[in-house]
Amino acid sequence: MTQKTIQQVPRQGLELLASTQDLAQLCYIYGEPAEGEDSTADESIINTPQCSTIPEVAVEPEVQPIPDTPLTAIFIIRALVARKLRRSETEIDPSRSIKELCGGKSTLQNELIGELGNEFQTSLPDRAEDVSLADLDAALGEVSLGPTSVSLLQRVFTAKMPARMTVSNVRERLAEIWGLGFHRQTAVLVAALAAEPHSRLTSLEAAYQYWDGLTEAYGQSLGLFLRKAISQQAARSDDQGAQAIAPADSLGSKDLARKQYEALREYLGIRTPTTKQDGLDLADLQQKLDCWTAEFSDDFLSQISRRFDARKTRWYRDWWNSARQELLTICQNSNVQWTDKMREHFVQRAEEGLVEIARAHSLAKPLVPDLIQAISLPPVVRLGRLATMMPRTVVTLKGEIQCEEHEREPSCFVEFFSSWIQANNIRCTIQSNGEDLTSVFINSLVHASQQGVSFANHTYLITGAGPGSIGQHIVRRLLTGGARVIVTTSREPLPAAAFFKELYSKCGNRGSQLHLVPFNQASVVDCERLIGYIYDDLGLDLDAILPFAATSQVGAEIDGLDASNEAAFRLMLVNVLRLVGFVVSQKRRRGISCRPTQVVLPLSPNHGILGGDGLYAESKRGLETLIQRFHSESWKEELSICGVSIGWTRSTGLMAANDLVAETAEKQGRVLTFSVDEMGDLISLLLTPQLATRCEDAPVMADFSGNLSCWRDASAQLAAARASLRERADTARALAQEDEREYRCRRAGSTQEPVDQRVSLHLGFPSLPEYDPLLHPDLVPADAVVVVGFAELGPWGSARIRWEMESRGCLSPAGYVETAWLMNLIRHVDNVNYVGWVDGEDGKPVADADIPKRYGERILSNAGIRSLPSDNREVFQEIVLEQDLPSFETTRENAEALQQRHGDMVQVSTLKNGLCLVQLQHGATIRVPKSIMSPPGVAGQLPTGWSPERYGIPAEIVQQVDPVALVLLCCVAEAFYSAGISDPMEIFEHIHLSELGNFVGSSMGGVVNTRALYHDVCLDKDVQSDALQETYLNTAPAWVNMLYLGAAGPIKTPVGACATALESVDSAVESIKAGQTKICLVGGYDDLQPEESAGFARMKATVSVRDEQARGREPGEMSRPTAASRSGFVESQGCGVQLLCRGDVALAMGLPIYGIIAGTGMASDGIGRSVPAPGQGILTFAQEDAQNPAPIRTALARWGLGIDDITVASLHATSTPANDTNEPLVIQREMTHLGRTSGRPLWAICQKFVTGHPKAPAAAWMLNGCLQVLDTGLVPGNRNADDVDPALRSFSHLCFPIRSIQTDGIKAFLLNSCGFGQKEAQLVGVHPRYFLGLLSEPEFEEYRTRRQLRIAGAERAYISAMMTNSIVCVQSHPPFGPAEMHSILLDPSARICLDSSTNSYRVTKASTPVYTGFQRPHDKREDPRPSTIGVDTVTLSSFNAHENAIFLQRNYTERERQSLQLQSHRSFRSAVASGWCAKEAVFKCLQTVSKGAGAAMSEIEIVRVQGAPSVLHGDALAAAQKAGLDNIQLSLSYGDDCVVAVALGVRKWCLWPLASIIR
């Protein structure tokens, strides 16, 4: 077959094609030939070669068209309604009206009617929202797409479809593949409005599947049989494509493509990726790698990998804080008996703050002289004073082999060791250059055990000091002696840090420091960098090195040596030499030749004695060569050598497996085995100056082998001992199993089944203190504001779970169950077959006892402070087009908008279907989205799986309301349960609707909707129409009132940034005391949002997660208040609320009382330029002079307390460098100014170490924690404060506990809060027992009964609601009808009660009469002001009459004297003085004729009525009646050294209370 050449092809005219106009021709896209047109090619143009015949593919015939029907309104109506309500079309019932579908929400109804009116461009029927959708469809009839649906449909294609997917494409596919007519196509398109994809479809295939699914759903809804087919065009296109592609795979085409590539590469100057030389190099590298792997293996490489990183170093220097904490803890217990060991422990930590504490506590006063004397002396450690132990191996009845230890004789290690050396005639235990130093060593040991030795001002490096090791005990001894110790660890930072932090807090004495450094001694690089860090970065010089790092090689004999044994040899020998060599280099570089560093070599008598230990013996033998090198090499000026032959040391990492046969070694081998403590003391003694200086002249050898090297047949005897133990254990185990089988047989007839232990869930009501007749504050219940309920939702879920983690660091079984429920891991079922918890996913039963084991890890990893999900932040970059873009379809409105923005740089042409074809041309500017990788984030997030539906909130509300408002709603419901109120409507049986206030605030409000309003709108995304309202800070409290409370009281929304919650309490207290409200909801709420987090990061306020990760910090460690390494706060989200109540209302309702709000104060910080800078304006809360006592003092004095009675201070403590020093400074100055006793520091609570910083609810969570502290007496410690900042040491009025402290009770607390924008606030809280002291004993018992009934019912209701997912009972309508609303709001006596017979609410009247004391203007009454007043004051320090029995007999009645006898010795003087002051004030008030200064005052009797002082008894009553007085109101106020009484005579027509007169 001949082929025509190019020259033979007839020439055609030159045709120029453009991609913008001739895209179809350029891409060889052909349409269907017109009917009747000859589709054969014109062979006269080009004679193409003949190809082999391709078999014709059987193509399925085109689908038969389905008869088209006009589009009716119901399709569009259902789609728009479903889209607005966020439901599927199948959930929209055409028989229901818009009003019914919207649940009566007027906003949604209004929006839908507006959209439908705009869509159909015609007048809708009257009250269209009340008409069913079917009737609305009948009224509108046949329709077409309107403006609303076209706009929404265009948005779907723009935002969710892939590129080049247009309406026209979809219509073509629906016609070709599905055979749908134009109107049916429109119906499918409309269905997309209610089933919009969640995100953009990434491919055309995914888009086709999406539209095919909608088409199938459309057919099913109409009962149509739709059949998908392949069109002839598609089939032909596939065939032609296959033919077109086939030649491309030919050899000639590939060769041409390769030549083109080479030409372009050469022209552009691009280097060939690989050359022959590169290939040779790669082969050589591969050969070397194979050789390395064959010789050492991958395990060897991993074992020598580098670990050292100076950024991950942990420092511990806060010995002073640990000492203060321990002494204060001991002083809490009056039954403590001081021992010599306890005394010495504190003497070695003596410092000025500790002396003050000892002076202030009678229990510790005997320590004061010793502490003062020890301040100027270095700390010492007494070595060898421990009890010596011997091993015992026992086989239990169950066949378990256990190792025990018993005391030797003599029990003191010094005495025993000395006698053992003499008894065994052992010589040269310690020798140097042939000289026997054994006696010197023993004498030194005796001296160290009696007088102690000091390691102060010395620096030691110890490797291999893990838990249970000899090195770990040496570290303890060195820290006790005041040394600076650098310890290395190869473990992960967190577990190692926790261990050494605890070790330092127990053993660190005055001046000691502990540095924990990550390090792998098997790495040469690590060895060099470690020594460089010590000498270059820290600027230290080592006094001694103890390279004790080792690794176990048990079971490795010479025929099984592998890479791990080689790595161990490198670690224990080769790199020990390198390590000390690097020290020599550093010393020589610095010219240090007069202070040689002592190297303590860990030698061993085990030179193959035990066997099966790899290269252990060889590495120990190799170290011995340093003793000879000392004389033969040149580094004796820089190093001194001390070799220690370490004997059998029980329970270490290397010898733990041999503990079972240690008794055999002592009995049969006459070997002395040592405990870790004993061996540690012996080695520590070698570091003392007396023995260390001996090493400078010649190496010292210490033989602590315990005769192990003399045991010749050790291996065989030990093997026999192990076999004997196994035999005994097998025998005992067999007998135990036989006994168990016999026991089961005896019980086989019993039908009793074991009962699974169930976990009891509780709300956590406060314990009720016993009645105390000695507590009688001069107040009435109505004067008090108390906390009757509280709740929170935060990173740990509820306040109960947060308290467990804060105070204990772990969850209780009930805590696991509650958190698993909250995270949707379990759910409760109650049916015929099973009652209990089941798995949230598979529904299988889960026993209560199995929940911690099954879900514990998931709970702890998905709650608290943890890493945020990675998120790419979307930003836009503006680009100027350099060439025209391809055209795209869009609506006319969009086309006009684009033309208005870009002008002549956009070309618009109208299509027949009403859409427009738009092309952006060169020169136009567009913004292209790009993703910026957000830095890693950490925050305190709500537990994973938390959802408002779990609490019973309906789905339609969840979709409408901002997420943070839902958190607040759930939190408020829990707060009412914690108050014993399961139905908030119960409140209105006791108070009016207007007397319940809502003071919950926020700093940011609904940030999700704020982001949508300002960010999503710019992206033309679909934004909820009522998003604006959700951004207001008062909207969330409004939702609480609308959906749950239904009150008519004030909603005041404080905005105080991080101090919002405390500002909320301050406002509520003012409202209650002013009589505006009786119960108030207070607190704060805030959410997390990326933009906000980025703003904090730019301010350098939050922690840099990347830096923290580089320092080896886990997310849970990154919030470290008061720690020297703190670097910023960690954000968190959530809500916290409290329910405040007037005291008399709380008593009447029987509400639980968690605490008293004794006083609050707020202040600002004056002139400045920094909004977030912490200030000291709150010092005004402590301002006072001789005439005006401080607000703090006054708040405490009302309850009979003084400034020394404050026990704890809850600090704002955000973990920022500035705040955590400024805040303690403020409190220090306040306490000093108010005269707090030195040596009685406040326990500082830093809650944010476990919660992070939630902004607005911060103080609410802190207040919840303080209330829990009041109830339990447990002060939670700040476990993340690994090294309390030395700058805080001077604040002697504060102690910063790092572990929880159980006190004997808390009387009062101080809460401090700070917020951006000069918000400073403080709160004083008092224990509820002082409020209950206002009651008489019968009143107390009556309250106890009411309270018990209430909390029992609330506990049952809460657990039931939790198990049925109905904690939040959303109110759908008010408890009264519209006709009653006005009368209820206008009548202050209106109350709402639940009628139990009908289970409905009814309106009643209050039992107390309505106040009608206001007089009309024409009433002729005298001026209603009090006619008489009397004031008197008594100075307590000069009042001594209480010691005079005659004075008491003449001036106090029998009843008054009985009351005085109940007072304690301390308060007796104050009680007598206040009574006398009150009598004098009453006498002046009566204005009667005086009988003289010496007249008895017993005729004026002061008694208590409901806790308040009352008069008008005896002759005083007659005098008052004669003066026309109805009663005398008496007020007593207390200062530090004075009492003031004010008596007001009130006439019968005067109805104003004393408080209003004073104002």
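Any Cβ shown, glycine's included, is placed from N, Cα and C.
A quick note: this is a predicted structure, and the numbers were derived from the prediction, not measured.
Under the heading domain 'Carrier', Swiss-Prot lists 68-147.
The O-(pantetheine 4'-phosphoryl)serine feature in Swiss-Prot is assigned to S106; the stated evidence is sequence analysis.
The region 'Ketoreductase (KR) domain' annotation in Swiss-Prot covers 457-693 and is backed by similarity to another entry.
Taken from Swiss-Prot, the feature domain 'Ketosynthase family 3 (KS3)' covers 873-1327.
The DSSP secondary structure for C1058 (active site, for beta-ketoacyl synthase activity) is helix. All protein chains shown were included, and the count of other CB atoms within 10 Å of the CB of C1058 (active site, for beta-ketoacyl synthase activity) stands at 28. The active site, for beta-ketoacyl synthase activity feature in Swiss-Prot is assigned to C1058 (among others).
Feature annotation from Swiss-Prot assigns compositional bias 'Basic and acidic residues' to 1105-1117. Cβ atoms under 8 Å from those of the compositional bias 'Basic and acidic residues' (1105-1117) belong to residues 309, 311-312, 493-494, 518, 864-867, 935-938, 1125, 1127, 1280 of the same chain, restricted to positions at least 6 beyond its ends.
Under the heading region 'Disordered', Swiss-Prot lists 1105-1125.
Taking the Cβ of H1212 (active site, for beta-ketoacyl synthase activity) as reference, residues of its chain lying under 8 Å away and at least six apart in sequence are, in sequence order, C1058, A1059, N1219, E1223, A1258, A1259, M1262, N1312, S1313, C1314. Swiss-Prot lists H1212 (among others) with the feature active site, for beta-ketoacyl synthase activity.
The active site, for beta-ketoacyl synthase activity annotation in Swiss-Prot covers H1253 (among others), and the record cites sequence analysis as its basis. The DSSP secondary structure for H1253 (active site, for beta-ketoacyl synthase activity) is strand. Within 10 Å of the Cβ of H1253 (active site, for beta-ketoacyl synthase activity) there are 28 other Cβ atoms, across all protein chains.
When secondary structure is read from DSSP and collapsed to three states, D1432 (Mg(2+) binding site) falls in the strand class. What Swiss-Prot lists as Mg(2+) binding site is D1432, S1533.
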Alpha-carbon distance [H1253 (active site, for beta-ketoacyl synthase activity); S1533 (Mg(2+) binding site)] in Å: 39
Inter-residue Cα distance where the pair is H1253 (active site, for beta-ketoacyl synthase activity) and D1432 (Mg(2+) binding site), in Å: 49
Secondary structure composition of the compositional bias 'Basic and acidic residues' (1105-1117) [DSSP: H/G/I, E/B, coil]: 9 helix, 0 strand, 4 coil
Per DSSP, three-state class assigned to S1533 (Mg(2+) binding site): strand
Helix, strand and coil residues within the domain 'Carrier' (68-147) as assigned by DSSP: 47 helix, 4 strand, 29 coil
Number of Cβ atoms other than its own within 10 Å, given for S1533 (Mg(2+) binding site): 16
Other CB atoms within 10 A, centred on D1432 (Mg(2+) binding site): 19
